[in-house]
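Visitor: The structure's right below; bear with me while I get my questions together.
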Amino acid sequence: MNQLTVTPTALLFAVALVLIALIISWRQKIGLEKDLIIGVVRAVIQLTVVGYVLTYIIKVNRAGLTLLMVAIIIFNAAWNAKGRANGIPHAFLISLLAITVATSTTIVLLVLARAIAFMPSQIVPISGMIASNAMVAIGLAYRSLNSQFRDKRQGLLERLALGATLHQTAIDVVREAIRTGMSPTVDSAKTVGLVSLPGMMSGLIFAGVDPTKAIMYQIMVTFMLMAATSIGSTIAVYLAYPQFFNPDMQLRN
Amino acid sequence: MAEPIFVLDDVGVVLGGKTLLTGISFSVDPGEYVTISGPSGSGKSTLLRVLATLLTPTSGTVTFAGRLQSTYEKTAYRRRVSYCYQQPSLFGDTVRDNLTFPFHIRHEHATDAQLTAALATMQLSAEMLDKPIIELSGGEKQRVALARNLLFTPQVLLLDEVTTGLDADTKTTVHRVIEDYHRRGTTVIAVTHDEGEIAVAHRLLTIEAGRLAVTAA
Ligand SMILES: Nc1ncnc2c1ncn2[C@@H]1O[C@H](COP(=O)(O)OP(=O)(O)OP(=O)(O)O)[C@@H](O)[C@H]1O
Ligand SMILES: [Mg+2]
């Protein structure tokens, strides 16, 4: 293994990098100083806590504890996705269901295929990766639903007036929202390796793993994220679009 | 006397704290041609939307063909009681997308002949069928929208100023189509300021500030 230790002194120097960002924000009147500071403080605290928690979970290596950690990750992801729903009713429960199904089916398939082992050091990071990608996909899908229901309102009203069911009324909107949710994953799959060396692969190479082995993992991750984001955005969009209508099959304001 | 197709009893609509309609009571017989007029903002479109189940009244009852409106399955009801918006918009990409939609929701297949025939009644050419909707003029859009409502003969036709902004010739065409449907039994309730249209109607309802004013014979 390579020598992989960032010393506290090295981190202190990294603070200088934050200062550069702060100075730019301040000089250019971008107004992000407060967010930057909050972001830095949160990142330090959250990552420190997670570091210790993961160390503990990996050390005790209990299935129950591993699953609890996965549940917490999913819960947080759902909470975040809800924040991007901009008032869609039941967005938290919808996101929770979508992310749970997306994460668990993908994980179960990976474990069954023996691509990963059911041990905390593999299950927890992979779940985090899946859940966060599903969260981003669902957040984008929600945004797409909101903007389409606003921009295409008159056309949707016309369809309802012609006697269409909710599904017949919204099908184009639904498809577009799912597509929007999946597009970052599909786009990044197209450029993976050419533009970016994704986190998983970079991490493995960094840790001294042979790049040809690292890419095997990355290929797996790419496939798994495609599955997870399509499952997640499809479930979320199908549960969310009816929320834009009232029980009398009219569009809500 | 046949049973009325619509009976409205003390219908009121309050939306966002604003009273849009109050104490609306009237009935419409099957096959009648009723026109509604009144100043801008008086509640004419609101009334038509109530009749179309696109807006649920806050108070009062609407009876359609002997049954409370609320007891109908919405999609079936709206296919029988067809509402044309005041400022219709077309959806999808082409005129075809709009005309096939009523077939699609009934799980039926439309032939080109059926679609071009519908265009022809509105004096629109067959080439119009695959035209992108963004290339249509206002009057063309209005007529395609109306054709969309008429592909399957509705029992009631609710028209919200569908001839406003059309030139005299096109207006005549549209009026002829509507009268045709009326003659074959469709009940027509039309919001209009058009003198000619009011003249052919059986009855004129006037709405002022959300209330029914005069009922002329
Ligand atoms: N969704 C809504 N929320 C609140 N108020 C509304 C809503 N829709 C319409 N209104 C108000 O209700 C009143 C009646 O509107 P309506 O569209 O029925 O008028 P109208 O008689 O059809 O007028 P016009 O001749 O200009 O079409 C108007 O004052 C309008 O601003
Ligand atoms: Mg109006």
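For all residues, glycine too, the Cβ spot is worked out from N, Cα and C.
Got these off TrEMBL a minute ago, pasting:
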- A:6-24: transmembrane segment (TRANSMEM)
- A:36-57: transmembrane segment (TRANSMEM)
- A:63-79: transmembrane segment (TRANSMEM)
- A:91-117: transmembrane segment (TRANSMEM)
- A:123-142: transmembrane segment (TRANSMEM)
- A:191-209: transmembrane segment (TRANSMEM)
- A:215-241: transmembrane segment (TRANSMEM)
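Are these features on the surface or tucked inside, and what touches them?
Guide: Residues 30, 33, 36-37, 40 of the same chain, all 6+ positions outside the transmembrane segment (A:6-24), place their C-beta atoms under 8 angstroms from a C-beta of that stretch.
Here the transmembrane segment (A:36-57) has long-range neighbours at 18, 21-22, 25, 65-66, 69, 120, 124, meaning same-chain residues at least 6 beyond its ends whose C-beta is under 8 angstroms from one of its own.
The list of residues near the transmembrane segment (A:91-117) in space but at least 6 beyond its ends in sequence, with Cβ under 8 angstroms from a Cβ of it, reads 70, 74-75, 77-79, 81-82, 85, 123, 126-127, 130-131, 134-135, 138, 142, 220, 224, 227-229, 231-233, 235-236, 239-240, 243.
The list of residues near the transmembrane segment (A:123-142) in space but at least 6 beyond its ends in sequence, with Cβ under 8 angstroms from a Cβ of it, reads 54, 57, 66, 69-70, 73-74, 77-78, 80-81, 83-86, 88, 91, 95, 98-99, 102-103, 106-107, 110-111, 116, 177-178, 180-185, 199-200, 221, 224-225, 228-229, 231-233, 236-237, 240.
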Visitor: Near the transmembrane segment (A:215-241), which same-chain residues lie under 8 Å Cβ to Cβ, leaving out any that are not at least 6 residues past its ends?
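Guide: Contacts with the transmembrane segment (A:215-241): 81, 85, 88, 90-91, 94-95, 97-99, 101-103, 105-106, 109-110, 115, 126, 129-130, 133-138, 140-142, 145, 166, 170, 173-174, 177-178, 181-182, 184-186, 189, 192-193, 198, 200-201, 204.
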